Amino acid sequence: MDVLNHFAVQTNTFYSPYQTFIGGPWPPSFPPLRDTRYIPFAVASLVLLIQLLHFAVFKIKPFFTSSYTSAHNAEEPNAGTNVLDVVDLEDRQTTGEKLKAWVAGFGGIEIFVLMVARLFGCVALLVCAVNVAQNCQVKPLTGKEAWKDYILQCPESFTAATYAYSIALSVISLVSKTWRTSASRYNSLILLSAMVVYVFRDLWPLATFDKQPADLAEGKLLWLKLFVLFATGVVVPVFMSKPYVPIDPNNPMAIVNPEQTSSLFSYLTYTYMDNVILKGYRTEYIPASELPPLPDYDRVLHLKTRGTKYLDPNAGAKPRHLFFGLLQTFRKEVVFMLVSMILNVLASFAAPIGINRILNYLETGGKNASVRPGFWILWLFVGPIASSLVSNWYFFVAQATMVRVEALLSNLIFEHTLRIRIKAETTDKTGENGKEIPKTNTTTPKINGGSTPTSERPSTVLSSTIGIPDSDGKRKTKTNLEQPKDEKRSEGNNFAGNLNNLVTSDLNAITQARDWLMLIFSIPLMLTMSMAFLYQFLGWSCFVFLFTTLAFMGIPGYVSSLIAKTQRQKMKATDARVQIVTETVNILRMVKLFGWEGQMDKRIEDKREEELKLLRKQKVLSITNGLMGYFIPTLTMVLTYTTYAVFMKGSLTPSKIFSTMVVFETVRMGLQRIIGQTNMIIQGKVSLDRVGEFLREIELLDTYTSPSIQEQKVLALPTVGDENPEIGFRNATFMWSREAAEDSSRRRFTLRIDGELLFKRGRVNLIVGPTGSGKTSVLMALLGEMHFITTDPDSWYNLPRERGVAYAAQESWVLNDTLRNNIIFGSPYDEERYNKVLKQCALERDLRLFEAGDQTEVGEKGLTLSGGQKARVTLARAVYSSADVLLLDDIFAALDVHTAAWIIDNCLKGHLVEGRTVLLITHNVALASPIADFIVSVGLDGKTVAGSDDLAAALYDDTVEGGKIKESVEISEQNLKKPPVTANGKLVLAEEVAQGRITMRSMKLMLDSLGGSHPFMFYLVFIGSFALTEAAMTFQAWFLGYWGSQYETRLPEDVPVNFYIFSYTAIFVGIIALYTFAWIFYIHGNIRAARRINRLLIDSILRSTLRWLDETPTGRIITRCTQDVRAVDTVIPQYMLMVQDGLNIMVTKLAAILLFTPIFIVPGIVFSLLGLFVGNVYQKAQLSVKRQSSNAKAPVLSHFNAAVQGLVSIRAYRAEKSFTGQAFDKLNHYTRLSRTSLTLNRWICVRIDTFGALFSAALASYLVYGPRSTSSTVGFTLNMSVEFTMSILWLVRVYNEFEVQANSLERIQDYLDIDHEPKPTEAGKPPAYWPASGDLRVENLSARYSKSGPIVLHKLSFHLKSGERVGIVGRTGSGKSSLTLALLRGIITEGTVLYDGVPTSTLNLDALRSNITIIPQIPELLSGTLRQNLDPLQVEDDATLNDALRSAGLSTLQEEAGDARLTLDTSIAGGGGNLSVGQKQILALARAMIRGSKILILDEATSAIVSHDFLIDYNTDAIIQKTLRERLPKDVTVITVAHRLQTVMDSDKILVLDNGTIVEFDEPKELLKKETGILRSLVDSSGDKSLLYELAGAKP
């Protein structure tokens, strides 16, 4: 009891915290709990216990594992993860080197110095504790337990023990690698607990009026101890950097991102970004290579490892919504976000508490105040900073997580796309172009191409109709439940648009929906805290606030459901627009050469209008929800104050009003944020649904799907040996999709093989048959691209993959890369083999034509190569590979017979192909049959013959056609798509990144579009209405303060409450009305701007030059039309309004502050300028990063599209891993830039928040300690200062974000400033009669591809009379294609071209090109019906269209097709993907006839249909040739760019070009008379010499 009395005496003099705990004094039965100085010892004891358990587990566990090393790595805190710990301590090292290596093991000299400093600090603390313990005043004790009593009576003995343990931990952290991290962290915890205890004991009393420090008797030693504790418990752990710990110890980063090694202070304040900020401030452009590297935990490979098992259905993910998979993948980040959000809600009440205490102090004059006002001023500074740190930490984690989600989902979509089944049919119910092959009873193996609407040609119209299983287990399309059939089928062709939308707009919407946690946790917690706060000041009236809020929350919920429905409709409309934009961009060259810009512009505009209608509806609904965010909190505030003043008869003093007003404002802002986020969350949910449906519902190859019971009935495959299984089929049936197999109501293409069909190993196997019979389907079936249906118990098919498979498609697929990389295709480079391949594939001469040789970039879709060159590059890729099986799909279609013969003799008979199994589809049977050991014939009637002994039957009556085959001479292999490349081989240049601030020209694009035809009036109303709204809201706050001030001079019953309530309500209603009008007015301008900017962009692209199209990847164009247009539609107008709103708030609040405290005009301006300056410094760095981030998305999209276009080839070569790796690199680059950009956002927010908190604290100090002011004035001014500081941050943030997002405007403006073809003018319209004939006169025509480029045509002059048939002959590079482009004004020309007497230079381009028809080698078609392709303008009747199809030879092709024939209502896939090349050229010829042009240019348009290549039978070719000669009007001039001499030898004239000049021009028979003539030399060297002389009407 004497000891207790001693402590009681001590507490009468000094403040004793242990008597102030809840529940009264500590129980005397346990003295150690009666003093707070025992707390650090308790913490140390707990730490010691944890460490002992950890040590025990660490030592025991290896005995239960197979490898001590694995257990060690799994258990030790630093588990072999720090590559810097791997220090070479060999004996040969000097002492200095060893010391350096030892220091490096800590993570650097800085960490080592701080750890040593902490050790010395702990020693100093121990000395202080021992000194205090020695002076501990206790009653002398005797007996055996005296020492225990002494320790219990002297808390400093426990403190000394705590510091001794802390010293031990400091030593361990210096000498032990294994326990370094844990010892350091535990030591920091112990020292921090001691720091908190002494702050509570000795610093907190200084902030009060009636308490003194408990340990003041220690004198100067106390302050020394506090300083050391602060240094060791706060400074060291907060400012000590972290050692780098790689995610993969075997693959550490060479250069570490500073985020991974930053100290806690740097991590929370983002000072590790200072170098980027300063670099951006000093320079206008920061290259990506100088930005911080991507942390290894953000790399796509690591993200894939984390998330695949939860997200990818193909990797075993549970069949649940994608959201839950993402939640499980990023569960750690979600926990961090949740904790930071809770802390932020708690910290948000710091300001209202501080304001209330300060105002209460001023109202009472400090009477009965226990805490000094200075503390509450400090509270106003520290509280908002703490709130800023935790809120920015939340956004940092949330945004980083969303970037990871975007990268992970992008990769997941890409990898899933590589598994998707390609459908070679459209979704039109009438049948597109398939040919039903009746099943016949023959005894040999049969291949029957069955039933309807499709051809053999697989297309990129993928199985994109989302399906869901119905009750009977069958898959039905989801859209059947919601839409009519016709509408549903129209959506089936939108796959390209869907895919582009998924990886752009949808992923963007998902990342914008990051704040979903706020909706679930933040609002309930905020309401709970607000209730508790309001109850303290307003009593039970706070329940009115609660019930009113809950009652009205149903309105935003209902509006949100409408928004979700509208968003789904809008995304479908966006898909349709993106699809048609994508298709238009992909065939833009054809659109321009046909003069169809106007028609395509109209189609895009129609889709855009449908999208904008839904966008307007969505914005109106969003504004309705936004108004609810203001209406509900304000109404609840009015009702709460009314209840308190009228019914509770309470006094609404300024301290109550302004402190609760801050709470109501916090709730209002929270609700507005949640309502605003609700819209984004809804959009994100819709987009996440779409991604989930894509991953779950879209049809995959059979390889990736679980086989059905029926499909499991597959017998063991026959094998010649274990390592050499057979290639072939037995009783197999294939269809293009599982849906087609399950839908018996619609006729679909079916490939059937009756009996057994085995291809010969190590030999050449031919697959022959007419166009549309299903030859390509045989290869697709072997590759697993078609859906396999077992019809018999012994059904099977097999293609061994162990030794590799190579595939060369007929429509050659090349990468946007160099020629060499296209050929080696990821295989090891073998120079000797490579050179042999070039020679055997006849590519040596082509490489000599390019200045950069095989380093020449081929461009997107191989635009620098001719059709023949692309075919030979594709063949070379297959031959160069080490694959044992080569699948070659009609590789001769784009080659002349001479080149084809070279390929046969040197390649297919060469040693590189010898011993490899070749499956060759060809129509040139007579040419290929000598090398064939096995021939499979596919006929329209279903009759097949397999075997080398029955060649006559296999040739399906080709004996007549075979006799027509004559050797020809290759003249050239170039088409219209061959632009010049630079000497280094580069065609597509890197996308330019703008430097400096956003140009005023780009801003003006948006401003002018918003203002419309009356910009002054628009901005007057727009700015004025929002400014008046903000002024009214400020007046509303002042009016509340004025109302509250009445209670300072009157009794509550004397205050006219009804008047004030009515007046306040009137102000409230006026604000609502004004705000609604302003928003509706702005939405109208927003829609106008979205329409105009999109129209300008589309018009600019459609009017671009062909040269620009050659240099610009379609991925960049599509990105402008998707990602950037989306920004124009939503983000940019939103941020623009926020900028204007933030400026209104800042000006209004600052004016209110200066009105009541004029002395603060200088600090106010200084703080404003300081915030703007820091914002400007930040903006310079952010713009550079954001611009690169925007550009980094286009390569991802281009890679995506390139992979989709070559999907079959990629899967055939098993190159999925290589393409996925390339996708990793592009996504990592994009993620690196995005993460840097988002972290820069956090950097500026923390600094502006700090400035704002400092301003509020300074203002509060002045108001409290300066001249006396009323509490209402102080409350209003403080309230305005809080909002002013917030407005500075808001303005800087939203303006910077606006300027960052305005990068999309800049990117669009760049595409508005490109080179354009001349616009149509009234003067450029031709006379009504024009053209009356096909007369063409060329005088001194010169041409070049660019203004600075070389001249490719030199002063050409010639005259073509109306009705003449003229052939253009010349070797590669002679200028044939340049001449055709010059006639169409597709390149820069000089000279005169007279078309029917009218100079073409005076004509509008659309008029000229619509009256000249060109048919390229590979025509391009539009998605839609066959009728729409033949007659886009819809001016011809069906009779005319059908007559043109018959004249073009389609009827002959379909004589035996039955119901499967092509009709005008047949649906055509985008690009004609569901048609064969021959079918597309027939349709192109028919389209040319319908156009009725007086000039027809054929770039060897019949190369794929003439008899020499045997794509169809000879009768069809005869009809086509007859059509060209007889069915065309007599005044139609036909210009044929010849690739074969037979094509043009019967022409009226032949024009021979060489190096861009005319060397010969006359009738063929006259040119053959010239002994030294070029044409004669070509003919004389041909094996067709006699035939060619005969065609020319001359004698040899």
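Glycine is treated like the rest: Cβ placed from N, Cα and C.
Where the annotation comes from TrEMBL, it is an automatic prediction and has not been curated.
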Which listed span TrEMBL calls transmembrane segment, if the choices are 543-564, 917-938: 543-564
Region pair the transmembrane segment (102-133) / the transmembrane segment (221-240), three or more CB pairs under 8 Å: yes
Distal contacts, the transmembrane segment (1059-1082) - CB-CB under 8 A, six or more residues away: 620, 623, 626-627, 630-631, 634-635, 638, 641-642, 645-646, 1021-1022, 1025-1026, 1028-1029, 1032-1033, 1035-1036, 1039-1040, 1043, 1046, 1133, 1137
Result, the transmembrane segment (221-240) in contact with the transmembrane segment (334-355) (3+ CB pairs under 8 Å): no
Confidence summary for the domain 'ABC transporter' (1336-1580), mean pLDDT rounded: 79
Spatial neighbours of the transmembrane segment (516-537) far in sequence, C-beta under 8 Å, 6+ residues away: 334, 337-338, 341-342, 345-346, 348-349, 352-353, 356, 543, 545-546, 549, 640, 656, 659-660, 663, 666-667, 670-671, 673-674, 677-678, 681, 684
